[in-house]
Amino acid sequence: MKKELPYIVLALIFLVAAAVAIYFFKIAPQDGEEATTKTSGSSDSATAQDGELPVVDGATEGVNVGGGDLQGAQQVAPPNEQQAPQPLRTFDTSEGVRVEVFQEGEGDEAVAGKTVVVHYVGLLPDGTIFDTSLEREPFSFTLGTQQVISGWDIGVAGMKIGEIRRLTIPSEFGYGEAGSGEVIPPNSVLIFEVQLLAVQ
């Protein structure tokens with residue numbers, strides 16, 4: 001049983017993260033229509049029914065917040081504002097990153113110099129999902145060491161294990177005037193749903 005425990009814990013973390021992503025990004029078809037999603041450079045599409053998030057295999061492969069080229073993006077309709085969960089609290093950092101807390105955490109706090117492990121979904125304001133760790137392993141980085149976009153160093157600081165935040169990051173703390181590949185245009189505001197899984 002002791003050998004199975006880490007696998008059970010990982011499975012539970014994955015299920016919680018998947019449930020959170022589905023909860024945040026429920027998509028309901030409008031007036032009986034089907035919502036579809038397409039990947040850039042692909043003719044594949046998926047259909048969302050009964051409020052489920054459409055998922056296209058390989059649609060979110062590409063860059064992580066640490067940089068690199070984007071391979072594709074998943075276009076989804078913005079969540080229905082009436083069904084969207086409301087944050088427990090909202091604040092703006094001194095740099096201008098908007099932080100919305102949807103679930104409080106407890107225990108260890110993310111501080112500069114610590115390695116943090118997160119699951120995340122990255123979106124553009126129009127609802128395009130350009131990257132997610134939910135289809136991969138959780139993402140880890142050392143906070144405050146410029147391994148990721150500066151908006152992450154700013155917005156993840158202070159999170160506690162289990163906390164879920166939505167970060168709205170001005171372009172100057174994201175990819176700025178350069179953008180990233182064909183998916184993130186220059187001067188784009190970025191939105192990330194982030195769940196802190198561990199602090200090491």
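Each residue, glycine too, has its Cβ placed from N, Cα and C.
Curation plays no part in TrEMBL annotations; they are all automatic predictions.
Feature annotations, reproduced from TrEMBL:
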{"type": "TRANSMEM", "residues": "7-25", "note": "transmembrane segment"}
{"type": "REGION", "residues": "67-90", "note": "region 'Disordered'"}
{"type": "DOMAIN", "residues": "113-200", "note": "domain 'PPIase FKBP-type'"}
Give the residue counts of the domain 'PPIase FKBP-type' (113-200) per reduced DSSP state, in the order helix, strand, coil.
13 helix, 36 strand, 39 coil
Mean predicted confidence [pLDDT] for the domain 'PPIase FKBP-type' (113-200):
96
